[in-house]
């Protein structure tokens, strides 16, 4: 069976001892033909190149600052240098340019880069490209940083298209150029600093003059003032050639009349005749390439990068690895506490257990590492146009989840690293949170249906899928589908237990309220009124849940205490409560540093009806709404400082920033040129990609009219099915409860039905998360012992 393969003891993990047969078979019949990457400390010539790729759209200064601080910290990491990890960062900003004009949020990002990353006299590149404007620098003369300002009149907006751009760019240009250069240029110097070099090109004065253009600043508030019509052409002497560049003076003043080069210079950007800005590693040997996908408001450290990198390298069939994300908010708000507990329980229980019994279903784009070979397998399908209604929810509503579904269908495993810690900002406003979760829920439904349809193929082509895992996924989808109905029954059951209100009478009342809420969402009621009604329901149901929890748990635990003494349990449904609540508490205990998050569980308890009843109904009723949900509308409900950009600049003494009146703005003049004048190969790459894939003129599939009509028809069908399924669930559970009361003295049959419906998945998850935690702890102890010896 093993084809005479020798499997070393070091290849085994704790969970493989539990599922030995499945592990041996997967080692023998791998569906992905790949070679494990040797990460031996003795092999000093193993280079791993990580492309940090970030998508941006109207982030605030605070959010951008967090990402740039992380990039700065990892760029000087001794750990990454010691591990021979070479970094390159790419930031794609939606709507950052308008023709040859840098727009408001592009200026904000540019100012923050100058403030946080670029020292005086650092060289940079500024070029016009088929998609907008490209800016690039080297941080500390080592790590390349590229900023791609997208012009939404030239290329498609939204996150998926930015992801397609950086995936195609890394796959078909950056990575291939690196390998080509490393084969042609073998360096004798093996220091980390020598891994990066600038390949310069000369530009004639005639060509420079022929391509001279103006880069203008839009007429709005900004703190960067550009010295008008004054640019100094000098040259940088290199070992091979003389490279011309344009020095652009960026000043800080409140009076344009007093603007001068001598006292207003704060920083410089250099337009160099090296359009590629390719900092090639000068070694002629193979290396592993990875994409680290991040959001624009992330913080992460070098150890987190190494954790996901090591897990990618641990198994040739692992295509992507996600880290442990912690949500944060600028303000203390119940919605933030809700998300803190919601994220934590998902990572404690769901993702860690999926690691053991199968594969992680989603590696979020906020912080996940992808093998370049895995991306190559799916990027063409991932970049396809929207052709039907299902595509709307897989491709446009939840691009990260769909990317992972494609990877699994190609045979790749997805993994989770609990030690790859990172933080992200989360919505602080109820309406913004609802719109974000609407996208996530609809994407979850669509991808779950797609996975169920492809289960037979997944069982045969992906060794992470077993019959146990398939059963688990089916039950998980059933629970997710029936959340509203089962939650209503549980609330009514708790209310009967706590106050004596009959379940058969209370249930129809709550069902009527829920149906009325759906009709309100489908009507022409303005969003403000809808939000007010939603918040009223949240408060009413939340207060009722807290009352039910306190009263019923007291009764249940008293009955359980008597039951253990007498051997007879009057209220066997108490076991369900113990399983569900106990799984959360137990999950936190597996991570002692996270135990404090249980405090936020009180807030999560209050929001359970909102999460399980109101949000799914809101999502179904708003299928037609395709707005992004975060940062789309700078409404009064969202804090202004989270949206309006504030330009910062680097001053010699870091003086307090002054707001400049919009009437004081002047144009930014520079001798800026097209990418085609420096690097025809890269220009042709972008031109082809824009023309055929990401351009605004490329085929998008469904037209807006067809999309809206199709979504309206789909909403009608999906909502009817969703409501009928949950209504049948309520009728079945209430009918079973009434039958048990009428014919059987105790409620054990009803408790068994509820336990099968709600309790089996938590039991599977508890066992899986336990094995994962033990396995992870033993691996880390082993690494520590090896380092000590």
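Placement of Cβ uses the backbone N, Cα and C atoms for every residue, glycine included.
Unlike curated records, TrEMBL annotations are generated automatically.
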Please find, within the list 469-493, 619-643, 644-668, the residue stretch that TrEMBL describes as transmembrane segment.
469-493
Out of 427-450, 595-618, let me know the one TrEMBL marks transmembrane segment.
595-618
Within-chain partners of the transmembrane segment (469-493) [C-beta distance under 8 Å, separation at least 6 from its ends]:
357-359, 361, 444-445, 448-449, 451-452, 455, 458-459, 503, 506-507, 510-511, 514, 541, 544-545, 548, 573, 608-609, 612-613, 616-617, 722, 725-730, 733-734, 737, 754, 757-758, 760-761, 764
